[in-house]
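As recorded in TrEMBL:
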{"type": "TRANSMEM", "residues": "28-51", "note": "transmembrane segment"}
{"type": "DOMAIN", "residues": "44-294", "note": "domain 'G-protein coupled receptors family 1 profile'"}
{"type": "TRANSMEM", "residues": "63-81", "note": "transmembrane segment"}
{"type": "TRANSMEM", "residues": "101-123", "note": "transmembrane segment"}
{"type": "TRANSMEM", "residues": "144-166", "note": "transmembrane segment"}
{"type": "TRANSMEM", "residues": "199-224", "note": "transmembrane segment"}
{"type": "TRANSMEM", "residues": "245-267", "note": "transmembrane segment"}
{"type": "TRANSMEM", "residues": "273-294", "note": "transmembrane segment"}
Amino acid sequence: MAFSNGTLVHPAYFLLVGIPGVGPDVHFWLAFPLCFMYALATLGNLTIILIIRMERRLHQPMYLFLAMLSTIDLVLSSVTMPKMTILFLMGIQEIEFSVCLAQMFLIHALSAMESAVLLAMAFDRFVAICHPLQHASVLTGPTVAKIGLAALTRGFVFFFPLPFILKRLSYCRTHTVTHSFCLHQDIMKLSCTDTTVNVIYGLFIILSVMGVDSLFIGFSYILILRAVLELSSQGAALKAFNTCISHLCAVLVFYVPLIGLSVVHRLGGPTTLLHVVMANIYLLLPPVVNPIVYGAKTKEIRSRVIHMFSQGGR
């Protein structure tokens, strides 16, 4: 079931695994909450995108970055959840070699773009709270567009080499990918040739992209917290910090599973249930949780959603 490309051996397809130790019957029933999560992620993120697009008063940096985040989450959930649903519902494990590499690239590139947008949102909150008078002049419409383009370009450039450095490997061991989707570190483990380049480059991009972003986000919040504590009024301090709650939730939902997943993979050894659960949380939770958190905590979006449903009920 493999073909040779010169001296390299590539499988015609990989086999995806759902949740280790769980039988087909349990996988079948898990497909229904997965479908619900996909529908919720799609509806929630589309609603946020459409509301921000239609409401001109929401064409501000915070909401434009939120629209970018929702777009990334919408694409990311569409890259992973439908295939997972087919795997759980129908038991179809096969995924073509090239399709697997494409899915892997999109997952990692979109995750990098999401990380960059979260950093941009942290910068927006920093300027709004620490330098409010300069906010409008610093984060103009063209600047926000350039930041979005930079996030897109960086995600593409850093992760574009991944499929090619995986193609230079031979795969003569098992062809079973131990997740419900394709990840670089998971595919790399299936190779029977030297993976030093993959290990070094994978570590380099995770540190230089997500690692650097998380450090700058943390530094931004240290400065924000210091500025908030210096406010004379407790009410003003709470009001200022309350504007950061939704973003903090999005950061925690994204980075905590990512750090956990990176740690358990760097420890080595066979893929366990913990690896799979952490990977599923990392990819499936943000697209579902982010629109709920922002919809509940952001007054302008919440009121617009309530208005839409009240009109629809008439």
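Placed from the backbone N, Cα and C atoms, the Cβ positions cover glycine too.
Residues 111-112, 115-116, 118-119, 122-123, 125-126, 129-130, 154-155, 158-159, 161-162, 165, 184-185, 188, 241, 244, 248, 251, 255, 258-259, 262 of the same chain sit 6 or more residues outside the transmembrane segment (199-224) yet have a Cβ under 8 Å from a Cβ within it. Contact between the transmembrane segment (245-267) and the transmembrane segment (101-123) holds: at least three of their C-beta pairs are under 8 Å, each pair 6 or more apart in sequence.
Within the same chain, residues 18-19, 22, 58, 66-67, 70-71, 73-74, 77-78, 81-82, 84-85, 88-89, 284, 287-288, 290-292, 294-295, 301, 304-305, 308 sit at least 6 positions outside the transmembrane segment (28-51) and bring their C-beta atoms closer than 8 Å to a C-beta of that stretch. Long-range neighbours of the transmembrane segment (63-81) within the same chain, counting only residues 6 or more positions beyond its ends whose Cβ lies under 8 Å from a Cβ of the stretch, are 34, 37-38, 41-42, 44-46, 48-49, 52-53, 103, 106-107, 110-111, 113-114, 117-118, 120-121, 124, 144, 147-148, 151, 180-181, 250, 283-284, 286-288, 290-291, 294, 298, 300.
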